[in-house]
Amino acid sequence: MFSGNSVLNTQDKIHFYHSASTWMEGRAVEQLKQTAALPGVTAAAGMPDLHPGLSAPVGAAVQTEKIIYPELVGGDAGCGMAFFRTTVPAGKFKAARLERRLLSGGIPVPEADFPAEWPDWLRRELGTLGHGNHFAELQELAGIRLPDRARELGLNRRNLWLLVHSGSRGHGPALLERTPKGGLDPESEAGKRYLERHNRLLAWAKRSRRLAAEGFLSLAGAEGECVSDNCHNSVAPDPFAAGRWIHRKGAASTESGLPFVIAGSRGTPSYLVEPCGEQADNLWSCAHGAGRKWNRSGARSRLENRYDAEALRRTKLGGIVVCRDRALLFEEAPEAYKNVDTVVADLEAAGIVRVIAAFTPVLTYKSPAGRE
């Protein structure tokens, strides 16, 4: 039974958007309930990709009144996914050549104009992916659900598509560390200072994704055009309720009404979707990916005895995984994630999004710790 239209806690604050077929860890649900009990919280939404975070769950949106909580954004403000139309020909793509170039030197950082208003230290790590679940992935169009919208968006099978997932790198954790713990009055000096730096990191991360895409595609002798960029770690004024704020942690924004990608794992499809219907209960937010099923140590302990690391460099869909970090191969294996198909089906059943098209991975690049 789908529970998306039911408020499932006694405070009448939380909407959960998952069906019985989508696995949900109890600790993530408990984290969201604890978050909803914080002073000033007026509503919360748990997406089907909900999973535990350090202090608050990932895959959630939280609305507050006259107070903001930087810890609900977390240490990677500005993290998001950008989707690019590329000039890489699908039929003539030389995966082995790109793999060699990535392994030999990673993604080059292109020269770019640097905004005069940004402090010089923000040049550091601009255009780099980061570690963990961040990636650059070439994809092919695998199926179209809405032909009219696909035509309007120029979707085609002739060329490959690029999905880049990255955030604010070391600048995000530094911001959170410098910010007072607990809730902040957004009109206070501390609140204004946090929001100013947070907003700058959102712009920085968006620019960084485009530079990473440019550098990645240069290795394939190709170019790209950004068709979607959606941040999923942020806090912003609620555009529909004065004095209220929406925090998103691992939750894509649907406010613009524009299409965005819900990422699968490196061995499953990703889905290009667009918002639809009433968005108030889900706080103009949506799942950003499949969501973790196992934490990193759990994934390693479960999978290291089942697979040889080399076997994880090829996926069941025929994709290539370029990754020099052995531990990361296990931590980010497809089995470590929920079923993206059921996550997206739950969102469709809730009337939050409709699927435009599906894309499958051709080559996934993950950078090692301390690099790129």
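Each position is counted from 1, following the chain as shown.
Using N, Cα and C of the backbone, Cβ positions are placed for all residues, glycine too.
What TrEMBL records for this protein:
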type	residues	note
BINDING	ASN133, HIS134, PHE135, ALA136, GLU137, HIS232, ASN233, SER270, HIS288, GLY289, ALA290, GLY291	GMP binding site
BINDING	HIS134	Mn(2+) 1 binding site
BINDING	HIS165, HIS232	Mn(2+) 2 binding site
ACT_SITE	HIS288	active site, GMP-histidine intermediate
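This view paints the features noted in TrEMBL onto the structure.
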residue: ASN133; record: GMP binding site; Cβ neighbours (10 Å): 21
residue: HIS134; record: Mn(2+) 1 binding site; Cβ neighbours (10 Å): 23
residue: PHE135; record: GMP binding site; Cβ neighbours (10 Å): 23
residue: GLU137; record: GMP binding site; Cβ neighbours (10 Å): 27
residue: HIS165; record: Mn(2+) 2 binding site; Cβ neighbours (10 Å): 24
residue: HIS232; record: Mn(2+) 2 binding site; Cβ neighbours (10 Å): 26
residue: ASN233; record: GMP binding site; Cβ neighbours (10 Å): 27
residue: HIS288; record: GMP binding site; Cβ neighbours (10 Å): 28
residue: ALA290; record: GMP binding site; Cβ neighbours (10 Å): 26
Euclidean distance between Cα atoms of HIS232 (Mn(2+) 2 binding site) and ALA290 (GMP binding site), Å: 13
HIS134 (Mn(2+) 1 binding site) and HIS288 (GMP binding site), distance between Cα atoms, whole Å: 13
Rounded Cα separation (Å) that holds between HIS165 (Mn(2+) 2 binding site) and HIS134 (Mn(2+) 1 binding site): 5
The residue listed as 'Mn(2+) 1 binding site' to HIS232 (Mn(2+) 2 binding site) - Cα separation in whole Å: 13
For GMP, whose listed binding residues are ASN133, HIS134, PHE135, ALA136, GLU137, HIS232, ASN233, SER270, HIS288, GLY289, ALA290, GLY291, the greatest C-alpha pairwise distance in Å: 20
